Amino acid sequence: MPVITNIADLKRLHASRVPRMFYDYAESGSWTEQTFRENTSDFDQIRLRQRVAVDMTGRSTATQMIGQDVAMPVALAPVGLTGMQHADGEIKAARAAEAFGVPYTLSTMSINSIEDVAEATTKPFWFQLYTMKDTDYVSRLIQRAKDAKCSALVITLDLQILGQRHKDLKNGLSAPPKLTVKTLANLATKWSWGIEMLRAQRREFGNIVGHVDGISDASSLGAWTAEQFDPSLDWDKIAKLKEEWGGKVILKGILDAEDAKMALKVGADAIIVSNHGGRQLDGALSSIRALPSILEAVGDQVEVHLDSGIRSGQDVLKAVAMGAKGTYIGRAYIYGLGAMGQPGVTEALNVIHKELDTTMALCGEVNVADLGRQNLLVPQDFEGRWQD
Ligand code: GLV
């Protein structure tokens with residue numbers, strides 16, 4: 001067992017153990033990948049204020065997200081095709097999150113279904129919804145999430161059409177993989193992935209296959225989104241979805257203060273400042289740079305969370321000290337899952353927790369709730385000065 005000291009260690013193992021097609025899927029941004037890169041590099045611009053001679057005993061990273069207790073302000077983000085990174089990946093990630101005490105968000109585009117995850121866990125998880133043209137199917141999905149006792153509906157707003165990720169097209173991404181010469185050559189080097197996958201509960205999109213008729217290609221994310229996703233989604237429809245759900249709603253993909261105000265108007269319980277991990281609008285601001293203006297617009301009226309770019313506990317601390325009430329990790333736990341299944345997700349959470357706790361102590365804080373701008377050195381013009 002290799003010594004894991006940081007998320008980059010898990011990423012290296014992920015690359016070596018998982019078929020290239022799925023590693024690339026996780027590790028892509030759209031087009032030039034500028035936003036994907038800046039999501040992480042912009043965190044580096046923020047520096048921390050070191051404080052000393054503060055009693056650092058009795059530290060706590062525990063807090064709440066949408067009124068739910070969390071061991072640290074970190075949730076597992078919805079990630080499509082998680083069950084292709086490791087056999088029964090959604091079940092394993094959800095179990096690791098539950099044991100750690102952080103929320104797990106199941107993607108509509110998951111391999112394990114809502115019911116599979118509900119059966120394998122004992123506490124409520126969150127369900128992420130993509131809206132489709134087939135409104136009956138969307139209503140059935142919402143009902144299934146209610147039956148599974150999901151405690152929040154996370155509605156993604158920034159993917160009505162799919163951003164182009166070059167590698168997915170070149171690799172012919174599909175779930176399960178189509179057995180071309182190129183794919184077979186790569187699979188031949190990933191034996192343990194293949195053997196585990198043969199034993200997996202599912203290898204297709206579990207929330208779709210068997211739940212909708214007349215699909216032309218249910219194995220391709222690109223084909224499914226182009227054919228089924230609802231390009232006419234607007235704020236009225238979002239308000240109706242919220243009503244249909246009747247529980248806590250988190251709106252994901254807000255990157256602009258004007259949209260944050262609209263989210264407030266439809267009564268979101270929380271919003272997630274996110275650019276979909278740089279996978280949608282390339283050229284958009286990184287999430288951490290977009291965060292301050294959104295906090296200024298709505299931060300005192302709605303819970304603001306941040307996703308995209310978090311790879312360490314220091315990143316979590318920076319986002320929270322900036323004013324986010326919670327953060328999400330996507331790739332950071334997917335690396336762990338691809339590297340070694342459920343223990344790998346636990347390892348990713350442990351790494352991030354340890355980094356958060358130690359950084360908090362060295363900043364002279366003992367409670368995550370006390371983090372604030374006093375802990376940060378934010379460069380002037382961090383958000384950018386843009387012409388009208
Ligand atoms: C879908 O969720 C994607 O970003 O690929």
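Each residue, glycine too, has its Cβ placed from N, Cα and C.
Curation plays no part in TrEMBL annotations; they are all automatic predictions.
Keep in mind that what you see is a predicted model, and the values were worked out from it rather than measured.
Sequence-distant neighbours of H276 (active site, proton acceptor) (same chain, 6+ residues apart, CB-CB distance under 8 A): T156, D158, L159, G163, G253, S308. Secondary structure from DSSP puts H276 (active site, proton acceptor) in a helix. Residues annotated as active site, proton acceptor in TrEMBL: H276.
For Y25, R165, H276, R279, the entry in TrEMBL reads glyoxylate binding site.
Sequence annotations record features per position, and here TrEMBL assigns FMN binding site to 78-80, S107, Q128, Y130, T156, K252, S274, 307-311, 330-331. Secondary structure at S308 (FMN binding site), as computed by DSSP, is coil.
Residues or ranges marked as domain 'FMN hydroxy acid dehydrogenase' in TrEMBL: 1-381.
Checking the binding-site residues Y25, P78, G80, S308 against ligand 1, the ones with a C-beta less than 6 Å from an atom of that molecule are G80.
Candidate binding-site residues: Y25, R165, R279. Nearest to I310 (FMN binding site) by Cα distance: R279.
For S274 (FMN binding site) paired with Y25 (glyoxylate binding site), the C-alpha to C-alpha distance reads 18 Å. Across the structure, G330 (FMN binding site) and R279 (glyoxylate binding site) are spaced 12 Å apart at their Cα atoms.
Here Y25 (glyoxylate binding site) is compared against the binding-site residues P78, G80, Q128, and the shortest C-alpha distance is to G80.
In three-state terms derived from DSSP, Q128 (FMN binding site) belongs to an extended strand segment.
In the three-state DSSP reading, Y25 (glyoxylate binding site) counts as helix.
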